[in-house]
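*Asks:* Take this structure first; my questions come after.
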Amino acid sequence: MKSESRRRSLGKSPRTPAATGSEMYHCSDCGESFTKSHHLKDHEQIHTGEKPYHCGQCGKSFTRQSNLQIHERIHTGEKPYYCGQCGKSFTQLCNLQQHERIHTGKKPYHCGQCGKRFTQLCTLQQHERIHTGEKPYHCGQCGMSFTCQTNLQRHQRIHTGEKPYHCGQCGKSFTYQSALQIHERIHTGEKPYHCGQCGKSFTCQSALQRHKHIHTGEKPYHCGQCEKSFTCQTNLQRHERIHTGEKPYYCGLCGKSFTQLCNLQIHERVHTGEKPYHCGQCEKSFTCQHNLQQHERIHTGEKPHCCSQCGKSFRHQRALHSHQQSHTGQKPYLCAQCGRGYTHLSSLRTHKCSNLKPSDLDT
């Protein structure tokens, strides 16, 4: 009712002469002023919650037609604003202007606390919240708070399941645009992040940073249970599931659960029969890349696992472990019938078969 009366009285909104002589239109809710009546009308929708402009593709609603037009470019892929320096294109003019500061090096916004400089005002405002601790954007579903609205909007996709960014090559969808950009490099083969130590290249910066820990030996992520350390946070999180027993990834077909998403994806191929990793030498296929890499050593003759005692080399790490028991005298495989121990599981199986009674064979 309040919004109806406001719309009817819009032409009678209080006006005062501006310093330039033009009339000003004032919001009766918050007092903000505008030089044009339609700007006031757009603004008032913030208070009423009205979103009259709807996307024909996904149904999302907006307070302004201009915001709808910008949003629709997600679906059409239109990027009408081009950088004259590098040719990169953008959906919005403001994004182009921000981008151009990469080339000019201009950082006009300064933090009063620490002096750090920024190319964008919004980035400065977000940064200042590090000092104040302010997190004004709250999730209505779980109550989690954020320093900026874009982070809240990204977070909310966890609850809605929305994946608005689609790969033009394979159709795969993503929650975040950055995830789509990284994925697209699988198709293009682009690896723009290079290690200064060994020259190895990576599709994303986080992968490069994890790799660098190999050279520095740094393991900054520590387990609180056993104090084991890791080069990246995701590896720590996976490790901690050993202590908690958590297996959050479930197979929809058989209900089996896994500690890691990648293990669930490999398992699901048991049901689908998919073997996406192909050997270029013999065209044999595998469910996971690790098995393909091990298989390829048959063709290359590579034996990367060496015994520190005698120097003998092996294709697989498990074969090295089995061999090392010949030096230690360890016999971990015990016969339940006679108690005899064996260094290899295969030897125990052979022993069991040779000692089978005819009555065992009949059953």
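Positions of Cβ are set from backbone N, Cα and C atoms, glycine also.
Curation plays no part in TrEMBL annotations; they are all automatic predictions.
Look at TrEMBL and you will find 1-23 tagged as region 'Disordered'. What TrEMBL records for 25-52, 53-80, 81-108, 109-136, 137-164, 165-192, 193-220, 221-248, 249-276, 277-304, 305-332, 333-352 is domain 'C2H2-type'.
Quick one: how deep are these features, and who are their neighbours?
*Replies:* Secondary structure of the domain 'C2H2-type' (25-52), assigned with DSSP and counted as helix (H, G, I), strand (E, B) and coil, comes to 12 helix, 4 strand, 12 coil.
Residues belonging to the domain 'C2H2-type' (53-80) score a mean pLDDT of 88 in the model.
Long-range neighbours of the domain 'C2H2-type' (109-136) within the same chain, counting only residues 6 or more positions beyond its ends whose Cβ lies under 8 Å from a Cβ of the stretch, are 98, 101-102, 145-148.
With a threshold of 8 Å between CB atoms, the same-chain residues lying at least 6 positions outside the domain 'C2H2-type' (137-164) that come near it are 58, 74, 122, 125-126, 129-130, 173-176.
Counting same-chain residues at least six beyond the ends of the domain 'C2H2-type' (165-192), those with a Cβ under 8 angstroms from any Cβ of the stretch are 74, 77, 154, 157-158, 201-204.
Here the domain 'C2H2-type' (193-220) is broken down by DSSP into helix, strand and coil counts: 12 helix, 4 strand, 12 coil.
Sorting the domain 'C2H2-type' (221-248) by DSSP state (H, G, I as helix; E, B as strand; all else coil) yields 12 helix, 4 strand, 12 coil.
Residues 238, 241-242, 285-288 of the same chain, all 6+ positions outside the domain 'C2H2-type' (249-276), place their C-beta atoms under 8 angstroms from a C-beta of that stretch.
Among residues of the same chain six or more beyond the domain 'C2H2-type' (277-304), those with a C-beta under 8 A of the stretch's C-beta atoms are 266, 269-270, 313-316.
Sequence-distant contacts of the domain 'C2H2-type' (305-332) (same chain, at least 6 residues past either end, Cβ-Cβ under 8 Å): 294, 297-298, 341-344.
Residue counts for the domain 'C2H2-type' (333-352) under DSSP (helix as H, G, I; strand as E, B; rest coil) come to 8 helix, 4 strand, 8 coil.
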*Asks:* Determine which residues of the chain contact the domain 'C2H2-type' (193-220) at the Cβ level, with the cut-off under 8 Å and only residues 6 or more beyond its ends counted.
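*Replies:* Sequence-remote neighbours of the domain 'C2H2-type' (193-220) are 182, 185-186, 229-232.
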